[in-house]
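Worksheet for the structure shown next.
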Amino acid sequence: MLEERENKEPAMNPFQKNESKETLFSPVSTEEVPPQPLSLPKKPTPKICGSNYPLSIAFIVVNEFCERFSYYGMKAVLTLYFLYFLHWNEDTSTSIYHAFSSLCYFTPILGAAIADSWLGKFKVLSLVGLSLIALGTGGIKPCVAAFGGDQFEEKHAEERTRYFSVFYLSINAGSLISTFITPMLRGDVQCFGEDCYALAFGVPGLLMVIALVVFAMGSKIYRKPPPEGNIVTQVVKCIWFAISNRFNNRSGDFPKRQHWLDWAAEKYPKQLIMDVKALTRVLFLYIPLPMFWALLDQQGSRWTLQATRMNGNLGVFVLQPDQMQVLNPLLVLIFIPLFDLVIYRLVSKCGINLSSLRKMAVGMILASLAFAVAAAVEIKINRMTPPQPGPQEIFLRVLNLADDEVKVTVLGDENNTLLEESIRSFQKMPHYAQLHLKTKSQDSHFYLKYHNLSVYTKHPVEEKNWYSLIIREDGKNISSIMVKDEENKTTNGMTAVRFVNTLHKKVNISLAADISLSVGEDYGVSAYTTVQSGEYPAVHCRTEDKDFSLNMGLLDFGTTYLFVITNSTNQDPQAWKMKDIPANKLSIAWQLPQYALVTAGEVMFSVTGLEFSYSQAPSSMKSVLQAAWLLTVAVGNIIVLVVAQFSGLVQWAEFILFSCLLLVVCLIFSIMGYYYVPVKPEDLQKPADKQIPHTQGNMINLETKKTKL
């Protein structure tokens, strides 16, 4: 749908002088931009191996690699950190993840304002951006891409175009390595008996220090265009003055003007007005873009959570759920040269003009298809996993650890029978029983019949939870304890174990060299502990007076086990084994198609968008427009946050919702792109020939002069 008029976006001359050679306005306001002193000619910047690429971009690209390693490495483990370390639920973990991502993309507005109006891009990167990681990302993101573009001379526009691809490659190279390594640091290394999140966050912090050192090394060879005044404030004031001036002079006595921003000509320089026109035209085109980022950024949240319910054992190696994100940067590194050198050229030879906006529209369609595939995978997972307790429901399992059969009757608040079953000693229950409640929380009454003995007890329960009722023998009597399984159950796709100790002494268990736990005496229940899958024929255990070994047998990947430590006559204690959660059956490889589609969409959308934003930016507002591009990412993350908190949809339906929304947005974007005319260099450099006529009323009179510079 996008026409030939949008054939090619020209590159802009960076930081051109904002003065006209024909006409100077003499505004009454004192807010016009002060003239800048003439600069002396500079020596040619050193090049890389005799090419037209400035040597300075090598430092910028390496710095970006280290900074992105830090950022994406930290984000890779963030969702699982919320879920398993802080014990937040999936919706809360998703919401906080995207709230953090949104904040990281909101701060570039502040960073761009500081860069363009005060410190300049170089100082924001080195002094602010790399000092504070929280606010620093706002200093880095709007500056680093544009700062690299500033290193090129205008006659090397083709090399600058390829620089943006290399720049994006460095981003994804850092992301590729970090998203593979940091989950290993988290899961394969134990800190205080748990996943080592301290190490997983510490290594990215070290890379930020390296990024600072590398960037500072190139300080003397950077081209550092000076800041051009408080651009953000000037833009806002210019727009406000144009609107108010038009409103105050809305009668038919005043001649119409070609553009609504021309009503600011009485107060602001013509070049600034032209820059703001170009800026507002691009910003209008940005309105539909957040929906694309809403889908793309769910790789680290919803898609990672989907991977926790899949089997990561690929035979040769085992992928942890958060390591699946490594596919995105890996495929980006493959797709960028593939698209640039093969696909785009083949499309061009077929006579199809695949302009920037068309590429972005195709990228949206591919991302939409990716979420349709994700929805299909989610439906397949749901068919292969046990059902979840719904509102006013609980799942209950009875473990009879007595030496004989026990008849269990469960009654509700109104003495209605919820469950009645006879359970043999150490009988392995194949599944949980589903019980319906009258309210969200209530007392469940249990009648236990053991030999000729009847025991009554009650336990409080809450909806949407799993419970295990453990019946134990106490001399000639029996008693029961209720264990809430939901708080301890692991769904991160790894193998996990927990223990019930029937001995009268505390047991210390060594599952591996760096994994140990203690289980209290007299039916103490441990929390779940994640271990590597495999054979465990002799697990060392110790009480206060003896050592012994437990044969735990084969532990399958993705399965959760319960072991009951019991005393055996004339033998060492033994472990009774049963499965809490069956193994994940659907391979994690089923996520590959959705990652391939969304990454192809990202290459066509994001790489193109970076170049498009730079080429359409007025010379004084490149960082502002870059920040506006990043602001669309922030808004996209807010969309995910709102949907996660308030939609109430099951996961597959949520994926379908996002897919359909992006298709609608793609149609709107295509219509907008059809009418968009790219900005040309002369449109920003050559002043308008027509003079703004003298006006009356509330408008400020103009004095025009013919002059020579």
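Using the three backbone atoms N, Cα and C, a Cβ is placed for every residue, glycine included.
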Annotated transmembrane segment segment (source TrEMBL; candidates 165-185, 585-605): 165-185
The transmembrane segment (326-347) versus listed stretches 165-185, 197-217, 627-649, 655-677: most Cβ pairs under 8 Å: 165-185
Recorded stretch, among 165-185, 627-649, 655-677, maximising Cβ pairs under 8 Å relative to the transmembrane segment (359-377): 655-677
Proximity of the transmembrane segment (69-87) to the transmembrane segment (655-677), 3+ C-beta pairs under 8 angstroms: no
Cβ-Cβ under 8 Å with the transmembrane segment (655-677): same-chain residues at least 6 beyond its ends: 1-3, 5-6, 281, 284-285, 287-289, 291-292, 294-295, 298, 302, 357-358, 360-361, 364-365, 367-369, 371-372, 374-375, 378, 643, 647, 649
